[in-house]
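The annotation transmembrane segment is assigned in TrEMBL to 12-34, 46-68, 88-116, 137-155, 167-197, 217-239, 245-264, 271-291. Residues or ranges marked as domain 'CAAX prenyl protease 2/Lysostaphin resistance protein A-like' by TrEMBL: 152-258.
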Amino acid sequence: MEPETGLSKPVAVVACATMAFLYVAILYAPTLILRLPAPSSIKEFMIRRFICAAISSFISLVLCAFLLPLRKREATYLLGVYGIRLNHFWQAVVFPLSLTSLMYAGSFVFKSLLLVDSWKEHMHQGEGFFFDFVKAILQNFLAGLSSTASNVLAWRNYVVAPLTEELVFRACMIPLLLCGGFEIYVVILLCPILFSLAHLNHWMEIYGRQNYSLLKAFMVVGLQLGYTVIFGSYASFLFIRTGHLVAPIVAHIFCNFMGLPMLFVRRTGMVSLAFIAGAVAFICLLCPITRPHLYNDGTDDFGRFLEAKRALDLLDFSISSIPIILFLL
């Protein structure tokens, strides 16, 4: 494929590695390169980070557009290549979000059990009827929502990080690697490695939080890297199968909000049973619910782009894609 696409594997890998490096390096540019004074507050610090992340994402988009062997470089065509499009938008939001939520069945059951316990305590104390309890729950939910909307860290976790990271590590890197001639299962494993390595910039912060214990810091970082590799593989899988950038973005936001899936809780096996049931359902529905024809007409920009580089046949989950399932398991 290399002579036909005009993009070699080494160039594709170097370009992706450069994007990953720039994504992290630009975050530290204000203090290390521009020598700006230290931020006076966490809000000012995060806003500075938001601007840096936006700049690095823009650079990656431009670099990707320059390197990709496209027949035309119109804005709509490029947006289609990046998976930014409106057609089949609701499918790209609802289906991947529903699929991802299956892995959190244990967490949902646990939260439900907490609500039941809270309701029993509420009734035991004679503080009112069930309607009053529901009203209190809604009031707490709205208060929490309002607090989250004004929290700069929440904007990082649920808006800026998912959007910029998916733009760089999915929308830019995956088309480059596919055009470089890499097999799809290699792309789904390679992008997450770069994605996880980019999170090593939190090393010193984690090291300090663990009272400067190398062993504890390595354990936390190892867990973080493992989780980001697994999630990165899943997000890459979603992007390739759906051709929609919004699919991995909503999955990213949801996982950031939920945290790690709950596997078990002492004194009850319901959480573990729910997690197992959700995991089995996730595996069974992973391929059917991400079939490309559910998200593409076959005539859109992303489909034409894949056809032009002869990668459309790889989107059918064939024998060559079996390593993906094995890795996710």
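Using N, Cα and C of the backbone, Cβ positions are placed for all residues, glycine too.
Note that the coordinates shown come from a computational prediction; the quantities given were computed from them, not determined experimentally.
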Query raised in the report: At least three Cβ pairs under 8 Å linking the transmembrane segment (12-34) and the transmembrane segment (271-291), pairs spaced 6 or more in sequence?
Result: no
Query raised in the report: Thinking of Cβ pairs under 8 Å, which stretch from 46-68, 167-197, 271-291 has the most of them with the transmembrane segment (217-239)?
Result: 167-197
Query - Range from 137-155, 167-197, 271-291 with most C-beta pairs under 8 A to the transmembrane segment (46-68) - result: 167-197
